């Protein structure tokens, strides 16, 4: 590894460096500081944080695969995908609307799926007991 050492010596040794005054600095020096009677105004910018919109895709996929009562799980999955698409585009209001519909459909699919599962267990038991 080669190290090159360079030393720089000032050209005008013993004399202060000659500075050029910029035009703006010269105007400020001649005119002085501006005197405004009004206080300086400030601008406030509100940046909205990323609003988290749940799209319920996993829940819809579960209902589609396991409890697809009256195709509610599949329809909920379609609305969940639409909600995710709206969220990616930046349309938070549209994403919330589709997510709300997907949530309602998922709730109904879950309730009807549980109800039908219970009926599929109870009805054969009752039929077997009635035959005895």
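Yeah, the Cβs are placed from backbone N, Cα and C, and that goes for glycine too.
In Swiss-Prot this protein carries:
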type	residues	note
INTRAMEM	57-77	intramembrane segment
LIPID	70	S-palmitoyl cysteine
LIPID	71	S-palmitoyl cysteine
LIPID	104	S-palmitoyl cysteine
MOD_RES	1	N-acetylmethionine
TOPO_DOM	1-56	topological domain 'Cytoplasmic'
TOPO_DOM	78-106	topological domain 'Cytoplasmic'
TOPO_DOM	128-132	topological domain 'Extracellular'
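In the three-state DSSP classification, residue 71 (S-palmitoyl cysteine) falls within a helix. When the topological domain 'Cytoplasmic' (78-106) is classified with DSSP, helix, strand and coil residues number 27 helix, 0 strand, 2 coil.
Sequence-distant neighbours of the topological domain 'Cytoplasmic' (78-106) (same chain, 6+ residues past either end, Cβ-Cβ under 8 Å): 51, 53-57, 59-60, 63, 72.
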